[in-house]
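Please see the structure below; I have some questions.
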Amino acid sequence: RSYWPRGMGLGGTLNLNCMFWQRSSPHDYDRWAKLSGSDEWRFDNILRNFKNIEDYHGQYYNEKWHSHDGNGIYVSTVGHDNLVDEFLEAGREMGYPTKDVNGNQEPSFSRLDVSIKEGRRFGAYPGFLKPVLDRTNLFIYRYAHVNKIHLEKKTNRAYGITYKRHGVERFVRARREIIISAGAIDSPKLLMLSGIGPKQHLESLGIECQINLPVGKNLMDHIMIIFGPFIVDTPGKTNVPGRDITLNTVADYFTNRRGIMASAIAANAAYIHSPFSKESGNFRNKSPDIQLLLVPANPNLPETFEEYASLKPGLIRRYMKGLEEKDSFMINVMLGKHSTRGEIKLASTDPLESPIMDPKYLSHPDDIRRVVDGMNFTVKMVENTEAFRRIGTRLINRHFPGCEKYELKTIVIMNVTRGI
């Protein structure tokens, strides 16, 4: 089972995400405009909204791409310098420029921009909601759970909702419109509970289908491979728990709002086209399909990693044995474009029961090829570029527990083995 947290609080998932501030590619928005037949989705039209929601104080300020008028979410550049120079130099060695990935997003390497202000997370609540709490036409009901959207029988127009708060169920009528903003999981769940969704699925649960639509289908989640660790021979290049995170680190954070604890866990990002994407043709008119995130820290937090990745207790401790105090880092290989499609289904008619979430990770062979391409690229970058070789980096030379029967640095896909 995967760990799928949801931002069920004022400000949504910006209360618990990794604080990376990254837009999608202009190619994606222009493609959506073409598919929908609406120019409103064109990136040139969407850009003003991106600028309106940010108060940019990062490394790449440019009036064309960013705004810093004091309103919106505060955006800065990641604070620590661990492996920043090496990563960006390695990218240039491999033919990738250093540039703003939130501008005209192209294959490139960059230091990360983050939603952090003065060492603290800065999300949608302080950016948008807190400044207007005193408005007389704004009512916020915490601890309220919406159970159903009501539709008119003849027109299917939504006219109200039923919600439950502190054990009391209430109905609210809408004067103008109802905006659903419950995320990729609870939005389709609410729609299906309200009779909007696949007819066969709804009727199997005894829910009258008022609008037969493929709600819950086409679920896309960007799977991420936590790849490494990569060992570093030069001391002090990465963060090692116990050596670099001490009581002084904590004191520095709470006193001065600086140091390791005042920044995001990752420092750099890269966007690339996988060889598979290039083989597909016309890749220059497509957005990059692989994202790399460099995490300059020794992963010597076995219980945390095991809980986060739903691994059996003891696996990470065995994998990292003898390397607990060694400088090392991870590179997360993220599948940005994928062919796999999952789905959300109702488990029951109980509004408080979690839905059935099936992402169908890597069920399409093209996605496996893309991930393997991303891992191949990562190993070549870390082990072959002069930038990383100067500090003595290499992929750990041992098997992950349970994979001992396979040769190191080989990929086994559908009974076909090939080397990295």
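Each position is counted from 1, following the chain as shown.
For all residues, glycine too, the Cβ spot is worked out from N, Cα and C.
Please treat TrEMBL annotations as automatic predictions, because they have not gone through curation.
These came from TrEMBL, pasted as-is:
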BINDING   T13, V146  FAD binding site
DOMAIN    183-197  domain 'Glucose-methanol-choline oxidoreductase N-terminal'
Which number gives the other C-beta atoms within 10 angstroms of the C-beta of V146 (FAD binding site), all protein chains shown included?
20
Determine the Cβ neighbour count for T13 (FAD binding site): the number of other Cβ atoms within 10 Å of its Cβ.
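Taking all protein chains shown, T13 (FAD binding site) has 15 Cβ neighbours within 10 Å.
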Let's see if you can do this one: DSSP helix, strand and coil counts over the domain 'Glucose-methanol-choline oxidoreductase N-terminal' (183-197), in that order.
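Secondary-structure composition of the domain 'Glucose-methanol-choline oxidoreductase N-terminal' (183-197): 11 helix, 2 strand, 2 coil.
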Average the pLDDT scores across the domain 'Glucose-methanol-choline oxidoreductase N-terminal' (183-197) and report the rounded value.
96
